[in-house]
């Protein structure tokens, strides 16, 4: 099972270090087959010791250059970061990354050998239009994406469930994941208001290979409760 914590724009460099020190101690008894990822803000990227993988929430598709406010391959290489989130709905919807740019970013980091957690998801109005509309929308988010890339993990996050406290039903998760898995053979995570109270029922779904957790991962106790549930 895969457990990924996306801190988004939360935690400082100091609090991230304290979090990861505590996490490392708690992971001493984790199941060997489980994988743990943590995506801190870019200001907290560093070398950390532990049975977890540190990834970047975002980076620009260049080694370096005149891209104000961005980080590139040089900054990631400094800390041996080889894992990245791409396609998160907040980057698409708030920061204006269209599918063409997302696909370009995917291709660049694929060419650099990165492990990529690639995010897809639908808005509430799409979900309300029915399962067929949902699948048409989700599959459109794979345009330009190499589904055979061996270092890709897919994360399905219904936008209407992110940060709202309202997760999709287990039936909806199972149905959507099963439909998606007809199109690729990569690990598939669920994200969207995942928390200790619902982690067992979500990870019990056959087509769920793990979870991408936002707000419920910000406290190390909460995140480790999910890992050891």
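From the backbone N, Cα and C atoms, a Cβ is placed for every residue, glycine too.
Small disclaimer: the values here were computed from a predicted structure and weren't measured.
Between the candidates 29, 32, 140, 193, Swiss-Prot assigns the substrate site shared with 6, 7, 8, 163 to 193.
Within 10 Å of the C-beta atom of residue 6 (substrate binding site) sit 26 other C-beta atoms, taking all shown protein chains into account. Spatially close to residue 157 (active site, proton acceptor) yet at least six residues away along the chain are 88, 89, 119, 120, 121, 190, 191, 192, 212, judged by Cβ distances under 8 angstroms.
Just so you know, the Cβ of residue 88 (active site, electrophile) picks up 28 other Cβ atoms within 10 Å once every protein chain is counted. The 10 Å shell around the Cβ of residue 8 (substrate binding site) contains 18 further Cβ atoms across the protein chains shown. Sequence-distant neighbours of residue 163 (substrate binding site) (same chain, 6+ residues apart, CB-CB distance under 8 A): 193, 214, 215.
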